[in-house]
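J.: According to TrEMBL, the feature [4Fe-4S] cluster binding site maps to 62, 66, 69. TrEMBL lists 137 with the feature (3R)-3-methyl-D-ornithine binding site. The S-adenosyl-L-methionine binding site annotation in TrEMBL covers 162, 181. Among the features that TrEMBL reports, domain 'Radical SAM core' is placed at 48-285.
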Ligand code: SAH
C-alpha cells in the first residue's frame, strides 16, 4: 500500500486498478500515511492557509427530486422561503464587515429567480463589493444562462456531480440525466469559471468501484474546487432510514482528492462538521483548505434543511468569526482572508 500511496503522492495519479486495490486494502496505518501525504501536498501548494467563504442559502424552493435531499420538490413538509435581492445584499454587507471575500449563493433549482434576476444579484454584489468573488451553486442551467452569469461577474460555480456512476446517479435523481449534469460541468469549465465538482460519501448503493469512477472523472475534469461530505439522511426523504456516511471514509476521500488534484480548493464541509464535532479539523488535517460558514439570516437557517441535525449556531454561524479562527489556529492552520482563487485560474 505504501508503494501505491507514494506513487500517488509523486505523480498525482494512479490508475483505476491501482486505486481499487488501494481502496479495498487500506488499513488504519496506511490511512494515517495517506492523510500525512495529503497534508504534505497541501503544504507544498497553498501552505497551511485556510480560506473562508460565506454561504448564503437564498432559496429552498426546488423543482428537482434528489432522493437524499430535504428540500426536494416532493417534500411537502419543507417550509419554503426565498430571500429578496435587498436581503441578500444585506447579508453580503454583514459578511463584508466580517472580512469575507467570497459569497456563495446556493439554492434549490427555483425558477422564480429568472436569469435576469440572478444577473441583477451578481451585478449588485459586484458593484458594492468589487474585490469579492461570487460563487453560484444553483444547479443545472443552459450554457447560455451560465455564460450570462459569468459575463455579469460570477467567478465560480459549484455543481457536485454527486456520483460518477450513471446507474447510481439515475437511481438517486428521478427524471434527471446524468449526461446533462456532466455536460453542465464541462460547459462551466469552457466558459471560464472556477468549477467545483464533488460527491457525497456513504450514499446507499455506493461502492469502491463507484468511488474509482469519481476519481477518474475528477482527474479528467480537473475542477478547481471539489466538495465532499458525508451523506446524512433527512427524515422527510425516501432515504430517511439509511445509514449516514462516516467521518473516516469522508476523510479518506478528502485525502485522495488532495493527492489527485494538488491545487484543488477543498472545503472541510458543514456536513462533516455535523456528524463529528471535530470533523472539520480532521478534514483540514487530511488536505482540506476551505471553510464555508453559514451567512444566511438566522431566521431562515433551519428551513434550508438538506439533511437532519445541520448545525446552525455557535461555530457554524459566520458571525462567530473569532471562534472559527481560533479552532483553525488550534488545528495548526492560519486563516487567509484573501479571495482565495485557485492558483491556476485566471478570468477569461
Ligand atoms: N441545487 C444545487 C445545490 C445543491 S445543495 C445543485 O443542484 O447543485 C448542495 C449539496 O448538498 C448537494 O450537491 C449535495 O451533494 C449535498 N446534499 C444534499 N442532500 C444531502 C444529504 N442528505 N446529506 C449530505 N449532503 C447532502
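In case you wondered, yes, glycine gets a Cβ from its N, Cα and C as well.
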J.: If we check Cα distances from the residue listed as '(3R)-3-methyl-D-ornithine binding site', which of the binding-site residues 62, 66, 69 wins as closest?
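T.: Looking at Cα distances from the residue listed as '(3R)-3-methyl-D-ornithine binding site', the smallest one goes to 62.
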J.: Three-state secondary structure of residue 69 ([4Fe-4S] cluster binding site) from DSSP?
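T.: Once the DSSP labels are grouped into three classes, residue 69 ([4Fe-4S] cluster binding site) ends up as coil.
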J.: Round to a whole number and give the Cα-to-Cα distance in Å for the pair residue 181 (S-adenosyl-L-methionine binding site) and residue 69 ([4Fe-4S] cluster binding site).
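T.: A Cα-Cα distance of 17 Å.
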J.: Among all the protein chains here, how many other CB atoms are within 10 A of the CB of residue 162 (S-adenosyl-L-methionine binding site)?
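T.: Looking across every protein chain shown, the total is 23.
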J.: Other residues near the [4Fe-4S] cluster site, CB within 8 A of the CB centroid of 62, 66, 69?
T.: 64, 65, 68, 70, 71, 72, 73, 108, 306
J.: Should residue 62 ([4Fe-4S] cluster binding site) be counted as helix, strand, or coil on the basis of DSSP?
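T.: SS state of residue 62 ([4Fe-4S] cluster binding site) = coil.
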J.: Identify, in sequence order, the residues in the chain of residue 62 ([4Fe-4S] cluster binding site) that are 6 or more apart from it along the sequence and have a CB within less than 8 Å of its CB; answer 'none' if there are none.
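T.: Residue 62 ([4Fe-4S] cluster binding site) has long-range Cβ partners 69, 71, 72, 73, 107, 108, 109, 110, 139.
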J.: Are there any residues at least 6 positions away along the chain from residue 66 ([4Fe-4S] cluster binding site) with a Cβ closer than 8 Å to its Cβ? List them or say none.
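T.: Sequence-distant Cβ neighbours: 72, 162, 172, 173, 176.
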J.: By the count of other Cβ atoms within 10 Å, pick out the sparsest of the binding-site residues 137, 181.
T.: 137
